[in-house]
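Here Swiss-Prot flags G13, S14, G15, K16, S17, T18, S173, K174, M175, D176 as GTP binding site, drawing on similarity to another entry. Marked as region 'Disordered' by Swiss-Prot: 259-281. Per Swiss-Prot, site 'Stabilizes the phosphate intermediate' is recorded for N72, and the stated evidence type is similarity to another entry.
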Amino acid sequence: MGRYAVLVSGPAGSGKSTFCSALIAHAQSLGRNVHLFNLDPAAERFEYQPSIDIKELISLEDVMEEMNLGPNGGLIYCFEYLLDNLDWLDDELGQFNDDYIIIDCPGQIELYTHFPIMSRLVNILSSQYHFRICATYLLESQFIDDKTKYFAGVLSAMSAMINLEVPHINLLSKMDLVEKGEIGSEAKRGRKREMERYLDPDPLLLMDEVNSRTNPKFHSLNQALVQLIDDFSMVSFMPLDSTDEDSVGTILSHIDNAVQYGEDEEPKEPKDMDEGDFTAQ
């Protein structure tokens, strides 16, 4: 077996930690060795105790206090410190061979979209530690009630995909709230066809709303950005309900396919048979 890692990223509040817990529970029910890697130096509560925790190396609270930095600057410092202390990472990862690592990332999307820090870490995990990596990017389903926010979320997902350069799955999270009618009332009324316009971004859906809420001088820019999304067809979403085991199982199967899980497993030796097994009845 190889080494596999799932990078769980997305904005704060998108349900990353909940998804990590659901993914771990489902994978363990399948008999897999799964471990949580907390990559958020500010995280405090976990449903599953992390097997690897960046806070054992450095914490955001300490950095902000000692270096007089704000939250974002402190977070970048923490990641730079991690990359400068790969011996710690080597010791932590060395105890997990042939295992599935779930990496719970911070919610500051600049790490995936604007800075090379996360892409450097992903490259190290892939090239130096030989992990097969699939990145997931969670966008909260409440964004479908505000097409401008949804439009920005699609662009952020695309930026993360381009920067990380690994197999990538975008997830529209908290779909249980859509089913309950708490959010996404317009999509709910339009049934499945309307929802599909959000899962596979429809340029007309984006243009109509965005242009109606922005200064006319930005309309050509909006058109260019929407055309970019449509031309490359890079961004699509899978629905995720972390409370539904079938939904989590479907996502895991797509992750498995992306990292080619189990494809390098050596075939098992056939069971030895006694001569009596071939005796005619």
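Note: Cβ is positioned from N, Cα and C throughout, glycine not excepted.
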Annotated GTP contacts G13, S14, G15, K16, S17, T18, S173, K174, M175, D176, maximal Cα-Cα distance (Å, integer): 16
Cβ-based isolation winner (fewest other Cβ atoms within 10 Å) among the binding-site residues G13, G15: G13
Residue among binding-site residues G13, G15, S173 with Cα closest to the Cα of N72 (site 'Stabilizes the phosphate intermediate'): G13
Among S17, N72, S173 [recorded positions], residue with fewest other Cβ within 10 Å: N72
Helix, strand or coil at S173 (GTP binding site) [DSSP, three-state]: strand
Under 8 Å by Cβ from M175 (GTP binding site), same chain, sequence gap 6 or more: S141, P239, L240, D241, S247
